[in-house]
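Worksheet for the structure shown next.
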Amino acid sequence: MVVTKQENQTEITEFHLVGFVGLGDLQVPVFCLFLLIYLVTMVGNILIILLVVIDPQLHTPMYLFLGNLSCLEICYSSNILPMILANVLYGGQRTISVIGCILQHCLFGLLAATECCLLVAMSYDRYVAICKPLHYTILMNNRVCLQFIAGSWIHSSFIMSIILYLMGQLKFCGPSEINHFFCELHPILKIACSDTHLIELVTISLSALCILFPFFLTLASYILIISTIMKMSSVSGRKKAFSTCSSHLMVVSIFYGTMIIVYVLPKTDVLQNINKVLSLFYTIVTPLFNPLIYSLRNREVKEALRKAVEKLYLFL
Ligand SMILES: *[C@@H]1O[C@H](CO)[C@@H](O)[C@H](O)[C@H]1NC(C)=O
């Protein structure tokens with residue numbers, strides 16, 4: 001470990017992630033489980049991107065959003081899951097540099113904040129399609145879609161550069177153990193030896209802005225959609241639309257709900273261990289289920305998949 005002297009304190013330059021220490025006999029099954037989750041996440045999301053890119057019928061805002069969401073999920077899982085796998089395998093032996101850890105957290109934050117914006121855009125797209133079908137092409141077209149996507153990235157980059165700057169100022173002088181399975185904000189702040197009041201205040205306000213605000217917008221869109229669906233005359237159409245919406249609403253609530261508990265609620269010792277489990281939901285479960293829930297239950301995507309498989313057969 002590299003040690004430098006500064007202000008009479010030994011500054012540490014490497015962290016140990018000890019979130020998965022002491023698994024014992026469970027080490028191999030847990031490793032296999034996470035590996036499987038990673039592979040399924042990658043395959044599911046890559047499949048969606050391929051379908052959206054290949055099939056011209058899927059070049060509509062809804063599917064462009066989905067394709068972009070899948071790209072995002074791939075980066076998101078690849079930022080976190082390989083590290084979890086290494087930690088399960090090596091226990092607390094593996095180290096990560098302080099800078100690497102801060103960058104990992106900020107990349108995670110960037111992708112998560114962008115995902116929040118994309119989820120708003122996707123629910124707005126469905127709201128316009130279902131509640132204002134006559135205005136759909138004016139309110140939502142490929143250009144608006146591009147603006148939404150670019151806006152999401154710019155907004156999140158701006159927010160995360162503030163956090164990156166503040167985290168870059170932190171000093172660490174031990175202990176070097178982070179009680180988590182990836183470089184999560186609060187476990188890092190807990191072991192910092194500089195004053196963390198400012199960064200805590202800033203992250204709480206920014207996460208409220210980036211999580212609560214999109215959450216309420218998404219929720220509002222789905223409530224309007226569901227109330228419109230309830231007024232539909234066809235029972236089968238009502239059932240189908242309702243089941244689609246409620247499954248979207250479920251993954252969205254899990255994603256936002258767990259993030260709100262971890263980032264926005266006050267930090268107490270009781271919540272600490274629960275938060276470790278909750279963060280599994282927004283880091284691992286959402287990227288795994290999003291492609292399944294948003295696409296593979298969808299008739300047009302199934303049709304595109306069937307056509308693609310047929311083409312592949314002819315080709316072979
Ligand atoms: C992401 O969105 C942009 C802008 O709408 C679109 O051009 C691009 O094809 C999308 N990417 C994927 C993989 O769907």
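From the backbone N, Cα and C atoms, a Cβ is placed for every residue, glycine too.
Nobody curates TrEMBL annotations by hand; they come from automatic prediction.
Marked as transmembrane segment by TrEMBL: 28-53 (among others).
According to TrEMBL, the feature domain 'G-protein coupled receptors family 1 profile' maps to 44-294.
According to TrEMBL, the transmembrane segment annotation covers 65-90 (among others). Sequence-distant neighbours of the transmembrane segment (65-90) (same chain, 6+ residues past either end, Cβ-Cβ under 8 Å): 17, 19-20, 23, 27, 30-31, 34-35, 37-38, 41-42, 44-46, 48-49, 52-53, 96, 104, 107-108, 111-112, 114-115, 118-119, 121-122, 125, 145, 148-149, 181-182, 283-284, 286-288, 290-291, 294-295.
Per TrEMBL, transmembrane segment is recorded for 102-124 (among others).
What TrEMBL lists as transmembrane segment is 144-167 (among others).
According to TrEMBL, the feature transmembrane segment maps to 204-229 (among others).
Feature annotation from TrEMBL assigns transmembrane segment to 241-265 (among others). Counting residues 6+ beyond its ends, the transmembrane segment (241-265) has Cβ neighbours under 8 Å at 112, 115-116, 119, 123, 126, 130, 184-186, 203-204, 207-208, 211-212, 214-215, 218-219, 222, 225-226, 229, 232, 271, 274-275, 278-279, 281-282, 285-286, 289-290, 293-294, 297-298 in the same chain.
Feature annotation from TrEMBL assigns transmembrane segment to 277-296 (among others).
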For the domain 'G-protein coupled receptors family 1 profile' (44-294), the averaged pLDDT of the predicted model is 89
